[in-house]
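J.: Below are the structure tokens for one structure; questions will follow.
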């Protein structure tokens, strides 16, 4: 079974509580998603490799550490995943950004893929798939399927809120993909929404339905 990490930092949990509220404005929702993604990034990026580098301070020459230049890619699942990109890019600005577009069929609750735009060397990159919600797991599974078909193998999934059903589905389909989430909620309701959740993240991010 794949690994899941729930990031319980007090700042993340505080901001997530505001994010969930019905009366949080579109502007505030957008800003909070960006901030939470950035804060989660410290844990998500914890295992990036380092290398020695010789530098000169105002006092002396010294050997210090820097990122080893591993190629990274942030891949949002459209459309809601877009809201998490800038927060992570603020930490790793050299990362490439791909896009996987999906929408959910409201009758079957199954994802339908309509766009895949990825860096040409995606198979050589460490990939962070981002989507605010991990509900049924269908979109996450399809996104990882698309990446693996193109040779990708080092993939992590980053979300703000997850449901046990979605976590289980993604772990069973792709046990090699580590999941990072700010909250593991109670369950899905009959419409496939996370309870207590935060509603439709895409609608709330962009102010459209």
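Think of each number as a place in line: the chain as shown, counted from 1.
Glycine is treated like the rest: Cβ placed from N, Cα and C.
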J.: Hey, Swiss-Prot has 5-phospho-alpha-D-ribose 1-diphosphate bound by 79, 104, 131, 132, 133, 134, 135, 136, 137, 138, 139. Any idea which of 23, 200 it lists too?
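T.: The record-listed residue among the candidates is 200.
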J.: Sort out the sequence-distant neighbours of residue 194 (uracil binding site) for me: same chain, 6+ apart, CB within less than 8 Å of its CB, listed by position.
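T.: Listed in sequence order: 133, 135, 161, 162, 163, 166, 185, 187, 188.
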J.: I need the CA-to-CA distance for residue 139 (5-phospho-alpha-D-ribose 1-diphosphate binding site) versus residue 201 (uracil binding site), whole Å please.
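T.: For residue 139 (5-phospho-alpha-D-ribose 1-diphosphate binding site) versus residue 201 (uracil binding site), the Cα atoms are 14 Å apart.
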J.: Taking the residues 79, 104, 131, 132, 133, 134, 135, 136, 137, 138, 139, 200, which the record names as binding 5-phospho-alpha-D-ribose 1-diphosphate, find the longest CA to CA distance and state it in Å to the nearest whole number.
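T.: Pairwise Cα check on 79, 104, 131, 132, 133, 134, 135, 136, 137, 138, 139, 200 gives a maximum of 17 Å.
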J.: Can you give me the Cα-Cα distance between residue 131 (5-phospho-alpha-D-ribose 1-diphosphate binding site) and residue 199 (uracil binding site) in Å, rounded to a whole number?
T.: 14
J.: Tell me which residues of the chain lie with their Cβ under 8 angstroms from that of residue 137 (5-phospho-alpha-D-ribose 1-diphosphate binding site), as long as they are six or more apart in sequence?
T.: 165, 166, 167, 168, 169, 170, 173
